[in-house]
Amino acid sequence: MGTEKTYLEISWGTLWKILIFLAVLIILYYVRWTLAAFFMAIIIALGFEPFINFFEKRGIPRLLGTIIIFLFLILLFGTVIYFIFPLFSSEVTNFISRFSKIIFIIFNFKSPPEFITNLTSGFERILNFLTLNEVSLTETLSKIAPKILLGIATVIISFFLMVEKDGTERFLKAVLPENYERTALHIFHGFKIKIRRWFLTQLVMSSVIGIMTGLGLWLLGVNSSFLLGLLAAVFELVPIVGPVLVGSLAFLIALSDSFILGIYTALFFVFVQQFESHILIPLIFGKTINVHPVIVIVAIVGGSQVAGILGFVLAVPIAILIQETITYLAAKKAKRLSLEI
């Protein structure tokens with residue numbers, strides 16, 4: 001009995017579609033920083049649009065309201081750079097000097113292992129780069145110029161999206177094919193509502209937790225309290241895991257001074273967590289954005305690998321967009337199945 005052979009036929013049309021799809025993926029990978037910057041501009045525009053609408057309702061032209069917001073942000077950023085960055089640099093230097101001691105306490109090493117030495121030298125190189133120590137001006141400009149241009153482009157795009165009322169929706173209508181316009185705008189509408197809520201509440205939450213953590217650790221006498229407060233504000237973006245990581249790091253730093261200080265620091269972070277869970281979240285969040293923590297963490301890991309720190313910052317908005325898309329497709333499928341029955 002002969003063996004039947006099965007042949008898989010692929011048409012030229014299918015092959016071309018596969019090649020085009022792969023080419024698009026490659027192009028998207030190479031322009032990932034540009035796409036991330038554009039997405040960041042959309043988030044900024046959506047986040048600050050309620051403030052512009054507030055100005056507009058009180059008779060202030062939309063253009064003037066946008067300029068006021070941007071001037072305030074520029075002033076705030078300049079103040080942080082001028083006054084706080086030197087303090088931040090000294091905090092990082094202090095943290096680096098204590099890093100080996102913390103590792104010795106954990107693992108009981110007798111001498112610095114190679115990976116500790118490499119990690120410490122890496123921290124020092126980053127600090128030298130940030131403070132422009134031992135780095136030539138030409139080398140510095142060559143490294144940061146592309147990122148500066150990308151940041152400027154992000155600000156300009158967000159400015160124009162904010163000046164025009166419903167600027168992002170108008171842009172999507174202009175660039176999307178007509179067949180996909182209705183679906184995309186439906187998903188974007190849900191995304192816009194949630195991202196505004198997330199942006200405003202996260203701004204308040206990160207500020208409160210960051211200031212509270214930095215001030216509390218400073219009063220306790222924990223080293224690198226300012227840096228830990230800044231980390232607490234940033235890692236507030238990461239649900240559940242972020243506060244635990246910062247609290248663990250603060251505990252280890254305090255423990256390197258004394259056992260009692262480590263206990264006080266741990267108790268302080270328990271208090272901060274309880275304050276956040278029982279007062280801040282019910283008071284500020286109200287209706288949550290209902291994004292599963294697993295989706296957020298996966299988005300943070302993936303975003304950080306693809307676009308570095310920008311991917312980390314955009315992780316929650318990406319998670320919201322993914323969940324809105326899944327919700328829309330699931331609802332559409334359920335509706336289609338109900339009609340078939």
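Placed from the backbone N, Cα and C atoms, the Cβ positions cover glycine too.
Taken from TrEMBL as is:
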type	residues	note
TRANSMEM	12-31	transmembrane segment
TRANSMEM	37-55	transmembrane segment
TRANSMEM	67-88	transmembrane segment
TRANSMEM	144-163	transmembrane segment
TRANSMEM	198-220	transmembrane segment
TRANSMEM	240-272	transmembrane segment
TRANSMEM	307-331	transmembrane segment
The transmembrane segment (12-31) and the transmembrane segment (307-331): do they have three or more Cβ pairs under 8 Å, with pairs 6 or more apart in sequence? no
With the greatest number of Cβ pairs under 8 Å to the transmembrane segment (144-163), the stretch among 12-31, 37-55, 198-220 is 37-55
Counting only residues 6 or more past its boundaries, what in the same chain has a CB within less than 8 Å of a CB in the transmembrane segment (198-220)? 43, 46-47, 50, 226, 228-230, 232-234, 236-237, 243, 246, 250, 254, 261, 264-265, 268-269, 272, 275-276, 280-281, 284-285, 289, 316-317, 320
